[in-house]
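K.L.:
I have a structure here, written as structure tokens, and I will follow up with some questions on it.
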């Protein structure tokens, strides 16, 4: 394990002074760096000691252990919530004071505002005392704004930090628990579930801490506001409050509905991504089978359902947002309607105090309080889930080791051991090779599998090499040393014994090469050898080796066996599980297990005498307990037993270890193209593209108009109130009394007129508000849909090369993460941003209309703001990026630890892995997440500070210009300015969010413009019964996968006659698979390929590909019914399908499935063995009844029986077809009509097998010799037999036939 990172800078927040703490000034140096260059991990501050993962985790862990013991005493289940509260209540309760101060100020501010407006109502130029008082009130308004800005952000920062601490401590405990789960417990949970706990459930702590305090502050605040309103406007305030109370449950109902839609959508999304995963990973097959259409129909169907759900939930969101904006309007409208109808007169100070008080309480009541309730219930569910996990069984630590006084031989003793399996009797004395127990025997020796009865004594230190090689992310060296210190000589010796020397030389940085997640950069064989080297490097007393030789080819296997297992380890007891009989002779004692019973034991010669038939046992075992091991690489077939003891070795990549002369061709490394990450801002063009994907120009213009209308109505409604109050004021002041017919009448305002217009404006605000929200959402969701469809179609039509250079994850990421953003997050953020932006413009416009002078100080404010935003975004983007890049090691460390659980425990490395996990946690939470929290607060404090300045200017500006302004307009301007506070910084943040999310749009748009391959159908359609013969001619064909790539087939001329069976052989990288690619036009070849005289490059791809059948190298099944897998277009009858299945002997298997043909297969057919999947592929070929069949190394990972069956079926069913077989195991093609030997993309030889074998310098002859002596003899024999049994024309033109025919055929064309 490498140290995760170098020394970081010390965290300045620990030593910062009070002023710096309040305004986050200690961050300034970081922003300066971030503005100059990209931030890297070294720029982050060291984690504060009180945030350290280990410290927090152990603190919580000890409280939890204590609680578990106490609960066991009191016979109840332990309560995790209790432990959390006990641990964190003190610091969290202190923060409540902040909330209280903040909410009190929110209530007091409107009172100051009212007093200020009253001064203007009773304006008397000569009354200086009133003026000084008014200045006092103005100062009160400004100060309260400033204090609000400061306390709000301090509170938020500290609350979120508390949440972070809880999360970190929980993660520490979850990981610690995961390391000591017993096997039974592992069965109850999955890696996915644990990762889910760590990624989703603990995040609830972050959210819940923010809102919790509002549970008690909310009701208090509401009560205070109600009191003040009663004083101000009397009982009519109850009407407004009633509306508020009604609004609360409707919003929660919206929330409920929304989450219901969300879960339905999530299921559909998972479904779509799973389908996409299969399409992308099986794209070669889909293209070769020409199955694009059914798959695109499948995806489009799922996507359609998903979009309809997303559309409904987006409409809900739109309604919710619009109602949020409209709520305050409705409340004020109802309050004043009641107020006026009760016969009161309306005045400016009353209007604006009421409006401000309502807006103060509205947020708390409609947003924070319900959120608190909702988050609390979510958190309780998460805590319950975490608790169930923390209470799972743990493994019992057994202590293998010597007591000091007994200096004796290490040994393992087993008698009548029953471990939910069956009896095993064996006593192991030092140096022993024990052969053929199943992995369960090893797991019981390791103490992973609990035993019921029997004795299991292990004396000595164990070490273990697992069957599925396990490597963790890090360098190769750290994987082998595994925490031991480096002794160069010993290390070299181990590398050499494990055949890793040559691999190290080939790798770019030798043994310091970083292995990706799950060892992505290594081949299967290399992983297996690293795994073995790790076990060998540990100085232990007993070695348990679980089938380490299965993932490597025969030659390397022999080297490992001789140099390593019988070399370095020859004086240690070692238990080897293997399937390869050739190693048995070296064993001191052999134990043959079958289905958990011990069938035989003894030395090799004893067993041979006793007549136990190994081979039959082995064949059955092959399908039995070996299932888990079948996931070795396709290139390295498991050695199989054939007649007696000869072992078929694997020809194509013999690694000759003994003599370094014959070096392997280095496998071509597929270079992965670096993912494009656009820097800088996003152009206007992209926004236009995005919006135009959703609607045409007219609709867009309509949307823009609606937005402005809605905002205008919003402002006019408030303005009308102010105007009305002003008119009322004039009446009250002048008190005009007219004399009509001698009767004195006091003039009153016509209620109907003013109230009518007020009602009309309120109605308009509502209608426009809702319309703009819904329309906007409609446009944006449609945009997401059309972009997805365009991207999907473009992916289906792009050449295969694209999938070779772009890893599956990257392509899927576009479909999952980016499309997910476009579906859910982006529309909401976009709409929110636009509404807030318009609000802010409205506020400024209102202020300017009252005091035009305010525009002068506004200009510098705007300039400062624009600079701040740019300054902040530069750093914040990097911080966000660091946050996400430091998050992934936490998860990959967890999942790789879970995969290597047995190994970690066998090596006693739990402690070290726990420390590494803590380091990763500190890096993520303590450093980058901490920075993320602080930087956003730094920015928000500064923005809110600017708003406070704006409010101050407005307040004092009104007083300075007191002669020109009316009370109503002052009220309007000031009450609007105050609302800027939270809104402004939120709007700016949303704008940054929109910009970040637009990168998703950019990435999707990039994939809608991929180059596409030739059309699926062209004008030139081949005749329907083509190809009737099956004659394939290659005429000067050159082929490379990309225009600038290396040429893999060079100027190739060959002809495959009708009904001929041709084997194609060659070393790795000779161009065997490229031949198939050229034939299927996976990339366009140069030169001409004719099939039955039709030039393939002139017809459409589907016409071409549907007429050739292929049995691919890795059998691919798709999730869906069995029928869909055989016949996606539904072209065949049931009878045909059953017949095809019967021919490949799968009929019985399918009939046993619950719904026969209609059974839905598990993900990519994982409930079928590899052999069965191969047979399904064969059945597809049988169904297609094509004249041309191509088999691509189909037998590389199939057991001998299936292999035989496939060969037999091919010989019977495809007797009339041209069959090309790309072979790795020579016995499958030795009886072909002709063999084509390729070397470096050119034809080396092309003739009958027997004839080829006469040439002792030829590649083919050498390949046969490398197969091992006995095998070679058998191959020569069968080639000769086939040669003699063939009926052939007079031998004279036997050799010429090929070329002769070719010439005649070409002239005939």
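Placement of Cβ uses the backbone N, Cα and C atoms for every residue, glycine included.
Not my notes, these are from TrEMBL:
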COMPBIAS  639-655  compositional bias 'Polar residues'
DOMAIN    93-377  domain 'ABC transmembrane type-1'
DOMAIN    390-620  domain 'ABC transporter'
DOMAIN    701-996  domain 'ABC transmembrane type-1'
DOMAIN    1032-1265  domain 'ABC transporter'
REGION    619-672  region 'Disordered'
TRANSMEM  92-114  transmembrane segment
TRANSMEM  134-157  transmembrane segment
TRANSMEM  210-231  transmembrane segment
TRANSMEM  237-258  transmembrane segment
TRANSMEM  319-342  transmembrane segment
TRANSMEM  348-370  transmembrane segment
TRANSMEM  697-716  transmembrane segment
TRANSMEM  757-781  transmembrane segment
TRANSMEM  853-872  transmembrane segment
TRANSMEM  939-962  transmembrane segment
TRANSMEM  968-988  transmembrane segment
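For each feature listed, report its degree of burial, its nearest neighbours and the pertinent distances within the displayed model.
P.N.:
A mean pLDDT of 71 is what the model gives for the domain 'ABC transporter' (390-620).
Tertiary proximity for the transmembrane segment (237-258) is limited to same-chain residues at least six positions away from its ends with a CB under 8 Å from its CB atoms, namely 222, 226, 229-230, 313, 316-317, 319-320, 323-324, 327, 330-332, 334-335, 338, 354, 358, 361-362, 365-366, 369-370, 373-374.
Counting only same-chain residues 6+ beyond the ends of the transmembrane segment (348-370), those with a CB under 8 A from a CB of the stretch are 103, 106-107, 109-111, 113-115, 117-118, 120-121, 211, 214-215, 217-219, 221-222, 225, 228-229, 232-233, 237, 240, 244, 247-248, 251-252, 255, 324, 327-328, 331-332, 335-336, 718, 721-722, 725-726, 729, 966-968, 970-972, 974-975, 978-979, 982.
Cβ atoms under 8 Å from those of the transmembrane segment (697-716) belong to residues 325, 329, 691, 761, 764-765, 768-769, 771-772, 775-776, 779, 834, 838-839, 841-842, 845-846 of the same chain, restricted to positions at least 6 beyond its ends.
Away from its own ends, the transmembrane segment (853-872) comes close to residues 31, 35, 844, 847, 935, 938-939, 942-943, 946, 949-950, 953-954, 957, 961, 988, 991-992 of its chain (Cβ-Cβ under 8 Å, at least six residues beyond either end).
Proximity of distant same-chain residues to the transmembrane segment (939-962), defined by a Cβ-Cβ separation under 8 Å and at least 6 residues beyond the stretch ends, is recorded for 23-24, 116, 120, 123, 131, 134-135, 138, 141-142, 145-146, 148-150, 152-153, 847, 850-851, 853-854, 857-858, 861, 864-865, 868, 872, 876, 970, 973-974, 977-978, 980-982, 984-985, 988-989.
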K.L.:
Where else in the chain does the transmembrane segment (319-342) make close Cβ contacts, counting only residues six or more beyond its ends and a cut-off under 8 Å?
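P.N.:
Sequence-distant neighbours of the transmembrane segment (319-342): 233-234, 236-237, 239-240, 243-244, 247, 250-251, 254-255, 258, 351, 354-355, 358-359, 362, 366-367, 714, 717, 721, 751, 755, 758-759, 762, 765-766, 769-770, 772-774, 828, 831-832, 835.
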K.L.:
State the residues, same chain only, that lie 6 or more residues beyond the ends of the transmembrane segment (968-988) and have a CB under 8 A from a CB inside it; answer 'none' if no residue qualifies.
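P.N.:
Non-local partners: 109, 113, 116-117, 120, 141, 145, 148-149, 152, 348-349, 351-352, 355-356, 359, 363, 718-719, 721-723, 725-726, 729, 833, 836-837, 839-840, 842-843, 846-847, 849-851, 865, 869, 939-940, 943-944, 946-948, 950-951, 954-955, 958.
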K.L.:
I need to check the long-range neighbours of the transmembrane segment (757-781): which residues 6 or more away from its ends have a CB within less than 8 Å of a CB in the stretch?
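P.N.:
Non-local partners: 307, 310-311, 314-315, 317-319, 321-322, 325-326, 329-330, 333, 336-337, 691, 694-695, 699-700, 702-703, 706-707, 709-710, 713-714, 716-717, 720-721, 724, 823, 826-827, 830-831, 834-835.
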